[in-house]
Amino acid sequence: MGGSSAGRVLPRYVRVNTLKTSLDDVITYFKRQGYANKGKARSIEELVDFAQKSGKFFLQDLHIPNLLVFPPSTDFHNDSLYTSGHLILQDKASCLPALLLDPPVGACVIDACAAPGNKTSQLAAIVQNKGKVFAFDLDTKRLATMSTLLLRAGVTCQELANQDFLKVNPCDPKYQKVSHILVDPSCSGSGMPNQMRVLTDEAGSEKEERLQALSAFQRRALSHALSFPSVQYVVYSTCSIHQQENEDVVKDILQQHPDFGLVNVLPSWPLRGLDTFAGSECCLRASLTETLTNGFFVALFKRRSPEERRLYEELKQSDLHQEEASNRENENKDLVISDSSVQSKRKSEQISQDSASSTKKKRKKKKRKTDQS
C-alpha cells in the first residue's frame, strides 16, 4: 500500500473495554441498535474503502482484538455504552503499545507518562484488574482527568502518582516486582494531523532544536525504564513521524543497554521502522497513508536471557573480527595498489631514461657520420 493521503479519512475506532463488557455483548448491542456487523476486516484496503462510507454498520479490526471500526461520521458521545465506560474512543495506533507489551494477568506494570489514561485503562484490562498498574504524570490537571477516566472505565488496580518518572527510584522495594513498562513520553506529536501543520510552519532551526530537546528526554525516560532490576519487557512509543524521536532513540538505547534486544512484533503489520540500523525492521510505524491511523512508532525491548546474552556477545565479537579483517584487507589492497603505482612509476621512469639514452646515442652516431663526410 502507499501513495498520497489526500482524500483519505480515518474511520471511527472504538475499543471494547473488557473490564466492563465483552466483544460479543457489544456486537449484540449494536445489532439491536440497527447496526449491521460486516465481520472481520481482511485488509487495510478494505478499511480504506469502508472509511469512505456512511451508515449504520461496523467491522472488527484485522490486527487488534476488541477493536471495532465504524464510519467516520458515527457519533458515540451520547451512546450509553460510551458514557458508562464500556467503550473507549481510541485511535488504532494508540492501542498498539499496550497490546504489544502484553503483560500477563496479575503482573506489576508501570505506565511511565500516563495521562490522559487510555493506555493505562488498556493495560488494566489486559492484566484483568489484577496485580498493579503504577501510573506517573507530572501534570496535575491531566492526572485528575485521568483519574475520572479510569474510574469510569472500572479500573481498580491503578496507583496514580503526580511525579516525574525520571525521579522514581528503580530499586525502591515497591517496584521490585515490576516486569513490564510502557514508555510513551512527550514528543513532537507530528503524527497527529493538527500538530503536523504546526510543525510544518516552524522555522528549520527552531524545529531542529525542539526535536533535539525532545529526543534527549525520550532517551532518558527509556533508559530509566530499562534500569528497573526486574523488568523483562519495555515498550517505547511516540506519536511522532521523525527519525530523531524514533529509530535514532532506539538505536542509541540498544548500544547503551546490551542486556536488551528488540522483539520482532506483529509481523503482519505492513509498515516497519526506517532502515537506519540492524534490526530496525522489528519496530513498527503507522501512518494515515499506509495503515489508516494517526502517525505512530512502537518498539518492544526484551531483556536477554543469559544464553541470549552469551550468543549476542559472541555474534558481536564475530562481527568486530569480520570488520577488522575487512579493514585489514582494504588496507592491504591499498598497499598493493600503492606498491603497484610505485613500480609502475619506476618502470615509466626507466622507459623514459632508456628512451633518452637511445636518442642521445642516435645523435652521436649521426654526428660522427657528418664529420667523416
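Note that Cβ sites are derived from N, Cα and C of the backbone, with glycine treated the same way.
These figures come from a predicted structure and were not determined experimentally.
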Recorded S-adenosyl-L-methionine site member, picked from Asp91, Asp102, Asp137, that accompanies Cys113, Ala114, Ala115, Pro116, Gly117, Asn118, Lys119, Asp164, Asp184 in TrEMBL: Asp137
Three-state secondary structure, Lys119 (S-adenosyl-L-methionine binding site) (per DSSP): helix
Spatial neighbours of Cys239 (active site, nucleophile) that are distant in sequence (at least 6 apart) but have CB under 8 A: Ala93, Ser94, Cys187, Gly189, Ser190, Gly191, Met192, Asn294, Gly295, Phe296
Other CB atoms within 10 A, centred on Asp164 (S-adenosyl-L-methionine binding site): 13
Packing count at Gly117 (S-adenosyl-L-methionine binding site) (other Cβ atoms within 10 Å of its Cβ): 26
All-chain count of other Cβ atoms within 10 Å of Lys119 (S-adenosyl-L-methionine binding site): 26
